[in-house]
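Quick look at what TrEMBL annotates:
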- A:Gln289, A:Leu290, A:Leu291, A:Trp292, A:Arg293, A:Glu294, A:Phe295, A:Phe296, A:Asp387, A:Ala388, A:Asp389: FAD binding site (BINDING)
- A:3-132: domain 'Photolyase/cryptochrome alpha/beta' (DOMAIN)
- A:Trp320: site 'Electron transfer via tryptophanyl radical' (SITE)
- A:Trp374: site 'Electron transfer via tryptophanyl radical' (SITE)
- A:Trp397: site 'Electron transfer via tryptophanyl radical' (SITE)
Amino acid sequence: MAPNSIHWFRKGLRLHDNPALREAVQGAATVRCVYFLDPWFAGSSNVGVNRWRFLLQCLEDLDANLRKVNSRLFVIRGQPANVFPRLFKEWKISRLTFEYDSEPFGKERDAAIKKLAMEAGVEVIVKISHTLYDLDKIIELNGGQPPLTYKRFQTLISRLDPPEMPVETLSDTLMGSGITPISEDHGEKYGVPSLEELGFDTEGLPSAVWPGGETEALTRIERHLERKAWVANFERPRMNANSLLASPTGLSPYLRFGCLSCRLFYFKLTDLYRKVKKNSSPPLSLYGQLLWREFFYTAATNNPRFDKMEGNPICVRIPWDKNPEALAKWAEAKTGFPWIDAIMTQLRQEGWIHHLARHAVACFLSRGDLWISWEEGMKVFEELLLDADWSVNAGSWMWLSCSSFFQQFFHCYCPVGFGRRTDPNGDFIRRYLPILRGFPAKFIYDPWNAPESVQTAAKCIIGVHYPKPMVHHAEASRLNIERMKQIYQQLSRYRGLGMRQVTCMLNVKTFPPLACITRRKEIDEKVVGSEKASHLCFTGKISVHCPAHRKREQSTSQLAEANL
Amino acid sequence: DHNGQCEITGQQDGGTLELEKEQQACKKVRKQMSEELEAEGSGESPDCDWSLLPQELLLHIFQHLPLLDRAYASQVCRGWNEAFHMPELWRCFEFELNQPASSYLKATHPDLIKQIIKRHSNHLQYVSFKVDSSTESAEAACDILSQLVNCSLKTLGLISTARPSFMEVPKSHFISALTVVFVNSKSLSSLKIDDTPVDDPSLKVLVANNSDTLKLLKMSSCPHVSPAGILCVADQCHGLRELALNYHLLSDDLLLALSSEKHVHLEHLRIDVVSENPGQHFHTIKKSSWDAMVRHSPTFNLVMYFFLYEDEFGPFFNDEIPITHLYFGRSVSKEVLGRVGLHCPRLVELVVCANGLRPLDEELIRIAKRCTQLSAIGLGECEVTCSAFVEFVKMCGRRLSQLSIMEEVLIPDHKYSLDEIHWEVSKHLGRVWFPDMMPTW
């Protein structure tokens, strides 16, 4: 009996290179592609209007492309666990397919759905296509732990077989005799909602700088490759003022939502390289963008607390400051540092910023100036940044805040100098902060230093029309470098006050792995209530956090009283 | 004996000492148990009676336990409860003072603090206070300090883990709390009071009571102290071996005082040079003063952290200066780096946060040639051509134990591409080396 299939879209919002979708249509009698939307979250969720719009555009595009093969997208309001049982019955489903989701909560959700499906007698087929490799294989190759340095990661994947080739796009031929039963009221029941229907006020909303969808993605990749071929030697293009602006060849949001297959991108890059360089082995650096993404997915897949500091075995516990006012100024582009504010404005308006711009604002928020937790920054990016998914966003924030991955902390991005060196004329600032347009290049990065006459001529008095700088950068960086040194000093087990023992700034990476520590004497002493220090194991093995210690976070007043 | 947290003044790691103690204690238990065996007169081995564990062993075990585990153990029986309160276990303590509104970390429980003050204040010798950015936490630290009247502290550390909240405490409150410690302790050896409102008069009190014992003083960014105030410390505390302060407190007189005959060899001098306002003028230190320092303390570390605007470096690096560890926290010009190569022969570690968009080829090569002790270098937002970089590494060779270069620093040229350079560098270093990377996504 030919099965009735459901293909469940989550990421992987595309018809090209979609092996799970292919499985759905293979010999099927009926095929329905579903996407679950929980609109109740639209208002309260930490997802901004640009991300919602991008997603809706992806869904519209999917629907349009499915129509070309006589099918449609079914957008279903509600949660999968609640709705699937009904759908299985109503549509007499016997096969469910979806693309593998490597993130911990995705795995949990999918395990639950698999169970439901099994109970309903539904065959479940899962295929890997959101990542280049099977991440579990990388972890296995590394002795059961994900690599914590990018170099190690590169070494491991060079030992694996190359990624699988992209599979063919869904077509009439592939559909075969399978059909999609579509009702008269499909639009009402299962149509893609609009932003307004989700509760957004779209009046005055500028058009999307990054339009969502597979069609757009495929156009972009061709443009991207054309441009790459122009760049001789495939060298990384030098950073200039133009790089800061959204590019029509940018691909990161499309990779995140799965409008563009990473495997397709990989193979197209390889083909182009071989053609241009007449050389059969491209260097790993060619795939930089894809491999970083892969690296963070691998690091996160078995760590449900990857996005937290507490209880995260790979994250250093840093005594970040809780400061909602300061955080708000950063998030709302009111820091008084034009470079930072322009970047945050671009982020909020368009949903994308250059990766060096990300470094600048992440450093400013955390270890550079404000000393605010990277988790807060991560949440703001989650809301505003189109390509920020859970693994990559959390991983990058930990990296940029020197909370993990052995990142050296000496390098601090100056909120004045870094911008000035990138875009000396300040055009980026003028574009996103029109209030500062009148300032000459000399003062546009530090307008508070401009003499009154200049400020008056620019029709912008600092402190009145544009905020004063919220920190004194030299003082803040002095303090924070000292804080980071203290923390890394603690990690090196030296607990005294002496300075000669830890004179060096460059943090020494050779900490002994936890397994070698047999005497508990060397375990950090922590005061009442706090967990044992998360030990960073610098040979790449993550120390397993002792579960017994979680239990011990009981009230210690009982103990204190008992001892009186 | 020590508890992982404490600094050991004088002797090094007490490992062998402890092993001996352990062995002695074990012998004691074995003896006790065999005596018991004989007494019982049968071949049966007695059940392990934990209450027979002698105090020394208990102490030893408790010292290995974190405080929370010790607290649990202390609830087992009266004997172990007594052990929990043994003075040796309360030599070191780190008070963590955090408010939920300003910190994610937990604080030392107030009941525990009360208990320590009541029962153990005269046992405390090595104490530190870690406070978050709230004034409340800093004030709580001062309150505790004020109550440590019976304390004879050897080490005191006031550490702000975020913003410098001790500066928000009313100055008089802070000074009086600190004075309690200075007057009562009389044998203070290490004192860490960075970012606090300590002033000249309180330093005088410190000196009056602890001049014989003071070995370490860390007081960067203490704006109420004047050069005269710190000079008083150098003049009287002849055992001072480690000192950290801001550049405005540094004077020729201070360096000469530290090099006087009566003074021990200085081991570590850390100086922070911070610009308050752009175009700030900094005084100069005479070469002769530095020379005196080197003559007196030939192996001392001179650590300098610069947080200046590019055009404020005029007074620096015009003469030979015995810097060993140099950190530029902001952008520093090519020209200044050239002067560093000329005038810093003792340089061991160099870290440059940022420079600009012109390659530092010549400057690096000069540093390789003239800074023969250089073993660690870190480059942030700079540019160096690959060829020059390879040349630099070749000249330094294997003495470079730390080479931390951001990937973007290296500019490929006709000789080397980015992919080739790490092999060349690894070859000359004698180990596998890669530049530092930042995620791009």
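Even glycines carry a Cβ here, placed using N, Cα and C.
Annotated features, which come from TrEMBL, shown on the structure.
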residue  : record                                            : DSSP (3 states)
A:Gln289 : FAD binding site                                  : helix
A:Phe295 : FAD binding site                                  : helix
A:Trp320 : site 'Electron transfer via tryptophanyl radical' : coil
A:Trp374 : site 'Electron transfer via tryptophanyl radical' : helix
A:Asp387 : FAD binding site                                  : coil
A:Trp397 : site 'Electron transfer via tryptophanyl radical' : helix
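Binding-site extent for FAD: residues A:Gln289, A:Leu290, A:Leu291, A:Trp292, A:Arg293, A:Glu294, A:Phe295, A:Phe296, A:Asp387, A:Ala388, A:Asp389, maximum pairwise Cα distance 15 Å (rounded to the nearest whole number). Under 8 angstroms separates the C-beta of A:Arg293 from a C-beta of chain B, among the binding-site residues A:Leu291, A:Arg293, A:Asp389. Between A:Phe295 (FAD binding site) and A:Trp397 (site 'Electron transfer via tryptophanyl radical'), the C-alpha separation comes to 14 Å. Across the range of the domain 'Photolyase/cryptochrome alpha/beta' (A:3-132), the DSSP-based residue counts are 58 helix, 29 strand, 43 coil.
Confidence over the domain 'Photolyase/cryptochrome alpha/beta' (A:3-132), given as mean pLDDT on the 0 to 100 scale, stands at 93.
Comparing the Cα of A:Gln289 (FAD binding site) with the Cα of every entry in A:Trp320, A:Trp374, A:Trp397, these being the recorded sites, the smallest distance points to A:Trp397. Among the recorded sites listed here, namely A:Trp320, A:Trp374, A:Trp397, A:Trp397 has its C-alpha nearest to that of A:Arg293 (FAD binding site). Inclusion criterion for the recorded positions A:Leu291, A:Trp374, A:Asp387, A:Asp389, A:Trp397: a C-alpha placed within 10 angstroms of the C-alpha of A:Trp320 (site 'Electron transfer via tryptophanyl radical'); this criterion is met by A:Trp374. Between A:Trp374 (site 'Electron transfer via tryptophanyl radical') and A:Trp397 (site 'Electron transfer via tryptophanyl radical'), the C-alpha separation comes to 6 Å. Cβ-based crowding with a 10 Å cutoff singles out A:Trp374 as the top-ranked of the recorded positions A:Trp374, A:Asp387. When other Cβ atoms within 10 Å of the Cβ of A:Arg293 (FAD binding site) are tallied across all protein chains shown, the result is 26. Around A:Phe295 (FAD binding site), a 10 Å sphere centred on its CB holds 27 further CB atoms from the protein chains shown. Within 10 Å of the Cβ of A:Trp320 (site 'Electron transfer via tryptophanyl radical') there are 28 other Cβ atoms, across all protein chains.
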